[in-house]
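Here is the structure we will look at.
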């Protein structure tokens with residue numbers, strides 16, 4: 001039997017991921033989508049661990065055991081805000097405690113090798129505290145809106161169709177239009193692919209404005225017009241592309257192809273959530289001010 005191509009595996013994995021998302025967004029919605037929040041916290045923790053492994057490939061002295069904890073902080077705080085009103089007032093205090101722990105851990109280094117690389121280790125851990133967790137936290141904050149299922153569904157469609165159309169349009173027309181290689185960090189990505197992705201995200205935003213919102217979330221864009229919605233689709237799409245390229249930059253810097261192997265056909269968790277995480281603050285703020 002002929003083995004499945006990476007293209008087929010990617011599509012099968014994508015279909016399975018889509019089914020799971022449908023279940024947690026529309027079916028298991030109890031307690032402010034607590035299953036969705038737990039899923040995102042877990043993905044952030046795993047993604048941050050993979051980030052630590054990327055760092056470790058570049059700097060062998062990096063310890064990754066604390067990285068899942070760092071990656072869980074902001075998503076966990078965002079989730080707690082849904083159930084414990086007022087906890088956001090303590091977010092900065094807890095953050096100071098974590099930073100103090102990071103600094104103290106390096107100050108109490110056990111050997112000279114650890115001391116020699118203190119700056120690198122501290123910088124890497126502070127970075128891991130914010131990426132991808134800070135961005136994933138805004139994804140969880142979407143659950144604070146009324147009609148969160150519809151708003152989340154629109155966001156997932158915006159980013160997924162952006163990513164999908166960029167991939168398929170680039171695959172079909174990238175070489176033919178000689179538009180590949182515009183970004184050194186990802187030479188196979190093409191300008192025509194990015195245009196296809198941005199077009200898809202803007203059309204999806206219009207669909208949300210004309211169809212989804214009136215039927216399932218009437219207050220989503222109650223005081224905004226088409227231009228605002230198109231701008232939301234465009235900016236979320238741009239952020240999604242930047243998120244993908246940013247993660248590619250990290251991997252290329254460390255000479256790593258994928259962040260991991262957990263997701264068939266896609267690589268690691270960080271490879272899967274990079275765009276979704278990076279665009280979340282943009283989308284959240286557009287909905288918040290709508």
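Backbone N, Cα and C define each Cβ position, glycine as well.
Taken straight from TrEMBL:
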TRANSMEM  7-28  transmembrane segment
TRANSMEM  34-52  transmembrane segment
TRANSMEM  90-110  transmembrane segment
TRANSMEM  122-140  transmembrane segment
TRANSMEM  152-170  transmembrane segment
TRANSMEM  191-213  transmembrane segment
TRANSMEM  225-246  transmembrane segment
TRANSMEM  267-289  transmembrane segment
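Residues 24-25, 28, 62-64, 67-72, 74-76, 78-79, 82, 124, 128, 131-133, 136, 139-140, 143, 152, 250, 259-260, 262, 268-270, 272-273, 277 of the same chain lie 6 or more positions beyond the ends of the transmembrane segment (34-52) yet place their CB under 8 Å from a CB of it. Scored by C-beta pairs under 8 angstroms, the transmembrane segment (90-110) has its highest count with 122-140, from the stretches 122-140, 152-170, 191-213, 267-289. Residues 150, 153-154, 157-159, 161-171, 173-174, 177, 179, 182, 220-221, 226, 229-230, 232-234, 236-238, 240-241 of the same chain sit 6 or more residues outside the transmembrane segment (191-213) yet have a Cβ under 8 Å from a Cβ within it.
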